[in-house]
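The next block holds one structure in the form of structure tokens; read it before the comments.
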Amino acid sequence: MVIKFRIDTCERFSEIVMFYKDKLLSPAQLKRLNDHKYSCSSISLVDPLLQPWWNWLVSKTPLWIAPNLITILGLIVNILTTLILVWYSPDAKIEAPRWACFVCALGLFVYQSLDAIDGKQARRTGTSNPLGELFDHGCDSISTVFVALSACIAVQLGYYPSWMFFQCFCAMTLFYCAHWQTYVSGTLRFGKIDVTEAQITIIFIHLMSAIFGPSVWMTKIPFLEYIELRYLVGLFTIVMAVIVIYRNFVIVFTGGIGKNGSTCAGTSVLSPVIPFSLVIVPAFIIYRKSVEHVYENHPALYILAFGMAAAKVTNRLVVAHMTKNELEYLDSALIGPAMLFLNQYFNFFIQEYIVLWLCLVWVSLDLLRYSSQVCLEICDHLKIQLFRIPAGKALSASVFTSSSTTTAGEKNASLLLTSVPRISSREHPVLYTSQQQHLLISSDDENQVPLLDAEHS
């Protein structure tokens, strides 16, 4: 009897922290996932300028390449090029080789381009589905950590640890807030200066470091004594962070689409604050209280460890939004930061550097386990494959695209699926693909806020 009680208790604890579940998504969540429609509005300044490049790039992409495969390839390139910088400058103080900065700029541009065309490829091949949106945002949550870290290394912010901490965790917070307001309002909103503009700015930073060397950011600005060039980067970050957070908070506190102004899941609009705070607050406390100065000595490792935990929490927020489900506060990824906190609090004999490595390994494996299990459950539910397009669907898309061209305004368009009778993709594959293409209506009116209501971002 005692053994049974202990087993039940352990199983219950595991479910609370989501360490292991046979099924992460309930049948009710999967049913609500079927009804989910991706809604996004954008007034970006740079996106329209890059549309011709993205349209040309997707037109050259083979139809047999799955959209999710495009996304993951871009993420891998982004991670690998950033890790090159981390290898040469793990403390963000050592001047990284110029070629490494150039490679990092190229890697970010590749990721940005591939991330922009995955949705176009999905509509082009008739493979749009809710999994595409989840996979895209999941990769973005991880990329945000690496992009922010690479920018800090490029300008040698390791000499200013508090500033570097702010820069990296500010990026994670902004990304989380974007999906927080989406959880509340049901629509992901991009302002005039948002993700694309930030990526272009960081590419410019890497190119500056590649051409003139990372030390160029230490150059004093003429007529402004003691003001280094990299201070402008920090000032730009602060200004844009205030604007974006203010915009998101206005939406959150205006009230959600749920009952009585609640979230899409019917919960408090402030509930998403708790899970993310359980990552950010311990990160700051451990940084300030560390006797061994674990963050100052190993900033890249520290940011990656807590960044993966933040990515896990953000992914759960995206899943909660898409399945209209309550966001749980506790998460198994928090075990990693807890190891550091307890080791520091009880003054264990284990070096904090070793515990930090254990934390990074734990949260990375936990993020990988959670993401893969959620994707596989959705694939099983939708009867699709994650990285492959069925041969028949790819062939039907090829037949159609041979006699038509790609819509120029795909990214900022309105997909009116509800007003047009659905055509079965199995019975009439060519007509089905044709319907998906013709439902894309270009939005050329610059005074109109383009609204994208598709299943794959």
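Using N, Cα and C of the backbone, Cβ positions are placed for all residues, glycine too.
TrEMBL lists 63-89 (among others) with the feature transmembrane segment.
Look at TrEMBL and you will find 96-114 (among others) tagged as transmembrane segment.
Look at TrEMBL and you will find 164-183 (among others) tagged as transmembrane segment.
Look at TrEMBL and you will find 198-217 (among others) tagged as transmembrane segment. Only residues 6 or more beyond the boundaries of the transmembrane segment (198-217), in the same chain, are considered here, and those with a CB under 8 A from a CB of the stretch are 46, 95-96, 98-99, 101-102, 104-105, 108-109, 112, 147, 150-151, 154-156, 228-230, 233, 236, 240.
Residues or ranges marked as transmembrane segment in TrEMBL: 229-249 (among others).
If you look up TrEMBL, you'll see 269-287 (among others) marked as transmembrane segment.
Taken from TrEMBL, the feature transmembrane segment covers 299-322 (among others). Residues 25, 33, 36, 86, 89-92, 130, 133-134, 137-138, 141-142, 144-146, 148-149, 152-153, 158, 161, 164-165, 168-169, 172, 175-176, 179-180, 182-183, 186, 264-265, 272, 275-276, 278-280, 283, 287, 328, 331, 333-334, 336-337, 356-357, 359-360, 363-364, 366-367, 370-371, 374 of the same chain lie 6 or more positions beyond the ends of the transmembrane segment (299-322) yet place their CB under 8 Å from a CB of it.
Tertiary proximity for the transmembrane segment (342-363) is limited to same-chain residues at least six positions away from its ends with a CB under 8 Å from its CB atoms, namely 286, 289-292, 294, 297-298, 301-302, 304-306, 308-309, 312, 333, 335-336. Residues annotated as transmembrane segment in TrEMBL: 342-363 (among others).
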Which of 63-89, 164-183, 269-287 contacts the transmembrane segment (229-249) most, counting Cβ pairs under 8 Å: 164-183
